[in-house]
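S.K.: Checked TrEMBL, it gives:
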type: DOMAIN; residues: 42-435; note: domain 'Amino acid transporter transmembrane'
type: TRANSMEM; residues: 78-100; note: transmembrane segment
type: TRANSMEM; residues: 137-159; note: transmembrane segment
type: TRANSMEM; residues: 171-189; note: transmembrane segment
type: TRANSMEM; residues: 196-219; note: transmembrane segment
type: TRANSMEM; residues: 231-254; note: transmembrane segment
type: TRANSMEM; residues: 266-289; note: transmembrane segment
type: TRANSMEM; residues: 313-335; note: transmembrane segment
type: TRANSMEM; residues: 347-371; note: transmembrane segment
type: TRANSMEM; residues: 377-399; note: transmembrane segment
type: TRANSMEM; residues: 420-443; note: transmembrane segment
């Protein structure tokens with residue numbers, strides 16, 4: 001076993017050297033201009049991966065977590081955040097292990113990935129066969145599709161608090177066109193500066209929400225009665241599940257790294273940082289506004305307008321553009337592979353080929369503009385399987401034989417003394433998420449989602465907008 005393990009380590013080391021050599025050769029082509037471009041454009045370090053994970057993990061959901069706290073109550077809100085944060089880090093770790101296993105096996109077959117981005121469904125196919133590929137492809141693509149839809153809805157929801165002269169549906173048209181420009185970003189290598197800026201933007205917004213809520217103080221006769229109903233309770237819990245289920249792009253981020261085997265604990269470190277953003281902001285806003293949040297899924301809507309708030313809105317708009325690109329880029333890769341354009345080096349040709357992916361996202365954002373409830377629905381029906389159940393099940397099946405465990409490319413982590421404990425943890429994840437996340441969460445989130453459809457209708461022109469009075473007739477028009 002020892003010589004085999006050494007051989008695998010040599011192969012991974014050889015791969016890292018090859019990737020780094022290719023990066024250096026690319027940097028030499030353009031001299032100082034290329035060097036500047038490398039600093040801003042080409043990322044593949046551990047730090048780049050951490051920024052990508054932390055930036056992508058919490059985006060518009062930062063604004064809906066106080067709404068979830070109103071549904072859950074303060075104590076349950078905190079407990080679910082910590083619990084699902086740890087569980088999400090665990091399944092991200094499993095995904096990274098399966099990626100390394102798949103890649104090490106393919107390297108033994110002398111497969112070259114120079115012009116090919118490995119994706120999660122390919123890992124599943126290589127380790128477990130075509131049926132798992134189909135399952136992974138269906139859930140992953142559908143989740144990322146609706147993840148992109150949610151970012152687009154959030155853009156329209158946020159900009160409305162700065163400029164309400166246009167309704168939210170019109171803003172969705174506008175931002176759909178803006179977000180379509182992400183077709184020009186080739187891969188996750190090229191998100192270096194965007195990930196760094198994105199994390200700064202969410203950090204500002206989180207601490208603005210925290211400080212503004214504390215300075216505002218509690219509203220008159222504030223009440224904190226959550227949880228009121230089981231439907232609301234499990235809807236809120238599923239939104240938190242969605243918050244820490246942002247690792248559907250883990251494989252693509254790993255593939256963009258120069259040394260992907262160093263990814264294992266990056267998502268955990270990113271989650272620990274994200275706790276410093278999500279917990280204080282959700283606690284403070286819920287403390288200040290209490291049950292009013294049940295009718296205001298966007299935290300910006302309850303805070304008084306100011307330059308600080310407008311800055312937060314603008315920064316979140318930019319960040320949602322970045323997160324839209326994060327969610328859409330794997331879909332671009334899948335579409336490129338389907339039409340045979342994945343190996344094309346021309347950025348313009350690839351961008352043109354990617355445009356059809358944006359059109360259904362745009363359309364769905366106009367049909368279902370339910371900012372907040374749609375997060376829970378996506379979390380219950382898609383995130384549960386995509387980033388919790390499938391990775392845990394795939395890990396158990398990949399290493400079900402004694403020979404597979406003996407020849408595993410990665411050893412067990414230091415805190416797991418045996419494969420028995422590993423299987424117990426994975427089985428717990430599968431059962432818990434299937435029953436609580438998909439079962440109760442699916443029932444609650446769909447009930448809430450259907451209620452929004454009944455109340456506002458499909459293609460709602462301005463979801464949860466306050467009544468708008470026209471100066472001429474002083475009539476109240478409900479959007």
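Heads up, the Cβ atoms here are built off N, Cα and C, so glycines get one too.
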S.K.: Quick one: find which recorded stretch in 171-189, 231-254, 266-289 has the most Cβ pairs under 8 Å with the transmembrane segment (78-100).
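M.R.: Result: 231-254.
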S.K.: Do the transmembrane segment (420-443) and the transmembrane segment (171-189) share at least 3 Cβ pairs closer than 8 Å, excluding pairs fewer than 6 residues apart in sequence?
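M.R.: No, the transmembrane segment (420-443) and the transmembrane segment (171-189) are not in contact.
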S.K.: Counting only residues 6 or more past its boundaries, what in the same chain has a CB within less than 8 Å of a CB in the transmembrane segment (313-335)?
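M.R.: Sequence-distant neighbours of the transmembrane segment (313-335): 52, 55-56, 59-60, 62-63, 117, 119, 121, 137, 140-141, 144-145, 147-148, 151-152, 154-155, 158-159, 161-162, 175, 178-179, 182-183, 185, 187-188, 191, 194-195, 197-198, 201-202, 204-205, 248-249, 252, 300, 342, 350, 353-354, 356-358, 361.
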S.K.: Need a quick answer: max count of Cβ pairs under 8 Å to the transmembrane segment (266-289), which of 171-189, 196-219, 231-254, 347-371, 377-399 is it?
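M.R.: By the under-8 Å Cβ criterion, the transmembrane segment (266-289) pairs most with 196-219.
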S.K.: May I ask which of the stretches 137-159, 171-189, 196-219, 231-254 has the most CB pairs under 8 A with the transmembrane segment (377-399)?
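M.R.: When the Cβ pairs under 8 Å are tallied, 231-254 comes out ahead.
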S.K.: I'd like to know if the transmembrane segment (196-219) touches the transmembrane segment (171-189) in this structure, counting it as a touch only when three or more C-beta pairs sit under 8 Å and are separated by 6 or more positions.
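M.R.: No, the transmembrane segment (171-189) and the transmembrane segment (196-219) are not in contact.
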